[in-house]
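Enquirer: First the structure, which I've put down as structure tokens, then a few questions once you've had a look.
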Amino acid sequence: MRPATYLAATCLSLTYGVRGTVYFHEDFNDEKWSDRWVQSEWKSSDQVGAFKQVEGKYFTDKNDKAIKTSEDARFYALTSKFTQAFDNLDKDFYLSYFMQHEQYIDCGGAYVKVLPEGLDQKKFGGDAPYNVMFGPDSCGSSRRTHAILNYARPNTEAVNMDHTSEISDDVNTQAHVYSLVLKKDNTYEVRIDGVVKYSGSMHENWPFQPEKQIPDPSVSKPADWVDETEIVDPEDVKPDNWDDIPATIPDKDATEPEDWDEEEDGEWQPPQIDNPDYKGEWKPKMIKNPAYKGEWVHPLIDNPEYFEDDKVHHVVKNALYIGFDLWQVTSGTLFDDILVTDDADTFKQHESTVMEKVESIKQQKLDVEEAERKKAEAERAAKGDDAGHEAGDAEDDEELDLSEDETSATPKDEKVATSDHEEMDDSEQETEKDEL
């Protein structure tokens, strides 16, 4: 596996003129891609989905391939090895990859993991330690991009820490480039489609360090501390007749309807209206509390667990693998063009090149959808014409039937008329005889 990966990274180095190191590069274009990747066996075969090499639905280069999740409601666990271990103590870290959901993603991940030495690739799964987990994750209404870093505080085990503010992501069926940059000056960038979405100090955006000061655990608020700003006015007394005022009163302007029948309807009563004199429930006035001491502030002390760390970027420690550890309800996600490097120019050139691919895919997708729309409209129009012709033919048939009925009825009418004429002649003849 390693020679093929090394060859791919070497070719990339020559292409981009790399001054640093390309630790991993994968474009999935050759038939031997599966030799470089190891399928995990941590789940049973009926639970694990297969990645398949495909040409993207909207790829414009027929020689360009990607891998695709191909089975619904499956776990996906696949890893590949770097050309050499990557430790970013005194280096910048660049991770970039292409991703596209060709399906509507209802629940599923599309992130990658960078993993340290010592990984058993056949047992790789969700509980395997990792250095970095980066990329989109969607389920229900949650749409976000993870940027999780594995960090160890002094004298404690390393824990996975996500970006403190949620990196929202408009997950859709467009092609995208996801990139994460961790710099040795402790700054970072989360980039989507070449655009910086989040950036700044790593100290401020991951909970690496505890607070410098904490509330003094040996001190608590005094029991007699008064922190109520107002109290009930002891001199305010409810008026004697306060509760005697009703909330509603009869409407004095209302009149009994003319058709009111007391025997059937009972005694007429005017409707009730709000009483303008009603003041509601009585409450005593509030006055300033003369015993108020102000808001109690818990005194602070220096946090004994606080520490300084000017190397918080150093989370990529002896990284040697990259992998997919995913669950997808609906499959159909493409992955391609993965890069891990410590060289800024290589990263920039790679991101720019893949963005050209993304733009061509977006345009191709628009063109295909427009062609499909026009085709559907033409088919609907054709069906409408056919329906019109059929309706016209039916009308012609009805007219023809009516014409035939009229034609067949004509001899009967003529016969009746002739009979009438004959009867008239007989009548006239009888009349003539009578006259004679």
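Just so it is clear, glycine is given a Cβ too, placed from its N, Cα and C backbone atoms.
Nobody curates TrEMBL annotations by hand; they come from automatic prediction.
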Enquirer: Quick one: which of Y104, Y130 does TrEMBL put in the alpha-D-glucoside site with Y111, K113, D137, D325?
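Expert: TrEMBL names Y130 for this alpha-D-glucoside site.
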Enquirer: At the level of the C-alpha atoms, what whole-angstrom distance separates D137 (alpha-D-glucoside binding site) and C107 (disulfide bond)?
Expert: 8
Enquirer: Taking just the CA atoms, what is the gap between C139 (disulfide bond) and Y111 (alpha-D-glucoside binding site) in Å?
Expert: 13
Enquirer: Other residues near the alpha-D-glucoside site, CB within 8 A of the CB centroid of Y111, K113, Y130, D137, D325?
Expert: G109, V112, M133, F134, G135, H146, I148, G323, F324, L326
Enquirer: What's the longest C-alpha separation between any two of Y111, K113, Y130, D137, D325, the listed alpha-D-glucoside-binding residues, in angstrom?
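Expert: Binding-site diameter by Cα atoms for alpha-D-glucoside: 17 Å.
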Enquirer: Can you count the other CB atoms that lie within 10 A of the CB of C139 (disulfide bond)?
Expert: 14
